[in-house]
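Working notes for the structure below.
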């Protein structure tokens with residue numbers, strides 16, 4: 001099934017040494033991938049945020065009186081279902097990606113998803129009944145499931161290890177920008193009259209899906225997926241464009257050999273017979289362990305309570321804090337804007353402070369904020385304290401800030417970083433389905449909780465966030481600066497009976513990637529290694545090392561040459 005890793009096939013396809021995508025190579029191409037693929041996340045964010053301020057519009061409620069819970073609180077359950085059913089569609093799309101994602105490839109899955117979202121958007125904006133609106137939201141959800149299950153994989157498999165985090169954080173920022181943009185569109189259309197108040201904001205998402213449809217095939221396919229399906233020369237061409245080097249550069253050979261070595265090990269462990277059941281088994285690759293880490297990082301994002309705010313910001317300000325319709329929409333739009341600005345912070349910090357630090361910081365802040373919201377919302381609702389109402393509005397901003405820094409992009413970055421190449425599409429699809437399943441639960445129960453327990457709704461999420469902090473600390477390893485193949489080797493050394501030891505292994509295992517612009521931690525390791533080399537040279541002579549080959553376990557082998565001999569090289573004797 002796999003070809004020998006020491007002989008790279010060049011027979012079926014002639015690679016271009018100067019292939020460009022959208023006229024770009026190297027760093028500009030990486031940014032283009034993050035931006036264009038990120039349109040899918042912008043679309044995701046827009047679709048999440050657009051309904052929040054429409055639910056209280058008279059024109060919307062006149063069209064769909066069955067979900068008008070302002071006059072009959074028993075309708076809150078149906079209202080929650082119609083909004084949340086979108087997540088069930090997303091979950092369906094994610095499950096399909098698990099099944100067929102590796103067959104169609106990364107770009108095709110995104111392409112098909114964008115087309116389905118266009119159809120769903122048309123059906124939503126032309127709805128005249130609750131049934132049509134619900135079905136249309138399911139259709140849009142299926143398309144979004146395709147997109148959000150695939151984009152993180154494409155970006156992770158194209159990005160350099162030391163830039164992967166920042167580029168995927170850009171996608172997180174685009175989610176928040178989509179939410180922000182939808183809030184301002186809702187606000188602008190508030191001054192219109194008739195059905196256009198809500199039909200136009202819903203229809204506008206079609207612009208983003210059409211852009212994604214038209215641009216996705218201008219990007220390169222994942223080179224790791226190309227190696228997996230034996231399209232070696234296309235992979236070589238793609239790596240060359242991403243690294244901005246010649247297709248004959250030895251670095252390209254090293255990258256392809258390393259991927260093939262990992263695939264060969266996967267094949268030896270039965271990857272050619274991969275099925276859905278494999279992700280639930282403990283094996284040498286620790287597939288089940290890694291699947292659970294990827295799955296629960298998405299669960300944690302949703303049960304943090306973020307969609308309580310994202311979907312219902314306008315409703316919270318107007319119905320539960322007591323603001324008038326205009327002020328509540330202005331504040332919701334400002335909330336979305338601040339959310340977007342805060343989401344830019346991890347773009348600049350994730351590769352400096354690492355995934356774990358931001359994850360822990362954000363989650364701890366979310367727990368504290370939700371506890372404070374319980375108190376100020378209680379004082380506002382039961383004591384009529386106007387100052388508490390203002391504080392409640394402010395701490396909704398604060399929660400968004402902590403979430404944007406710690407969780408927004410992190411939960412899309414970690415799943416593809418944590419799992420094997422062979423199972424990446426399937427596990428990423430499974431983990432994304434968790435996002436949508438628990439998203440559905442939160443969006444479904446939020447109107448019901450506010451109706452029956454009021455401010456204590458925030459207490460639930462305060463406790464949940466507090467529990468997540470030690471879970472992150474003890475079970476999630478740092479992936480900063482690691483290649484996807486390095487993460488395989490880290491997990492292979494872990495003990496399935498003590499899953500927390502992977503955190504220690506990731507902390508102590510030396511880095512294999514020596515990119516010159518890797519930051520603080522790798523520079524420190526380089527310094528330490530230089531010191532070790534100097535001490536060794538006192539006893540054995542100075543030595544230099546190069547990463548030339550891959551041994552039969554898939555590890556890079558360091559070929560040692562005596563430096564003194566190199567300086568006074570002698571011709572080798574021929575036998």
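Glycine too: its Cβ is placed from the backbone N, Cα and C atoms.
Just so you know, TrEMBL annotations never went through curation; they're auto-generated.
Feature annotation (TrEMBL): of 38-57, 58-77, 78-97, 138-157, the stretch labelled transmembrane segment is 78-97. Annotated by TrEMBL as transmembrane segment, the relevant range among 109-129, 235-255 is 109-129.
Check TrEMBL against the ranges 294-313, 314-333, 334-353, 434-453 and you find transmembrane segment recorded for 434-453. Annotated range for transmembrane segment in TrEMBL, selecting from 459-477, 478-496, 497-515: 459-477.
The transmembrane segment (166-185) is not in contact with the transmembrane segment (78-97), judged by fewer than 3 CB-CB distances under 8 Å for residue pairs 6 or more apart in sequence. Long-range contacts of the transmembrane segment (197-217) within its own chain (CB-CB distance under 8 A, at least 6 residues past either end) are made by residues 36-37, 39-40, 42-43, 46-47, 50-51, 54, 57, 59-60, 63, 107, 110-111, 114-115, 117-118, 121-122, 124-126, 140, 143, 147, 178, 182, 185-186, 189-190. Same-chain residues lying 6 or more positions outside the transmembrane segment (434-453) and placing a CB less than 8 Å from one of its CB atoms are 69, 73, 76-77, 79-81, 83-85, 87-88, 90-91, 94, 141, 145, 148, 295-296, 298-299, 301-303, 305, 307-308, 311-312, 316, 319-320, 411, 460. Same-chain residues lying 6 or more positions outside the transmembrane segment (78-97) and placing a CB less than 8 Å from one of its CB atoms are 47, 51, 55, 64, 66-69, 109, 113, 116, 120, 130, 133-134, 137-150, 311, 425, 428-430, 432-433, 435-437, 439-441, 443-448.
Long-range contacts of the transmembrane segment (388-414) within the same chain, counting only residues at least 6 positions beyond its ends with a Cβ under 8 Å from a Cβ of the stretch, are 41, 148, 151-152, 156, 164-165, 168-173, 175-176, 293-294, 297-298, 300-301, 304-306, 309, 313, 316-317, 321-323, 331, 335, 338-339, 342-343, 345-347, 349-350, 355, 358-363, 365-366, 369-370, 372-373, 375-380, 435, 476, 479. Beyond the transmembrane segment (109-129), the same-chain residues lying 6 or more positions past its ends with a Cβ under 8 Å from any Cβ of the stretch are 37, 40, 43, 47, 63-64, 89, 93, 97, 100-101, 135-147, 149-151, 154, 199-200, 202-203, 205-206, 209-210, 212-213, 216-217.
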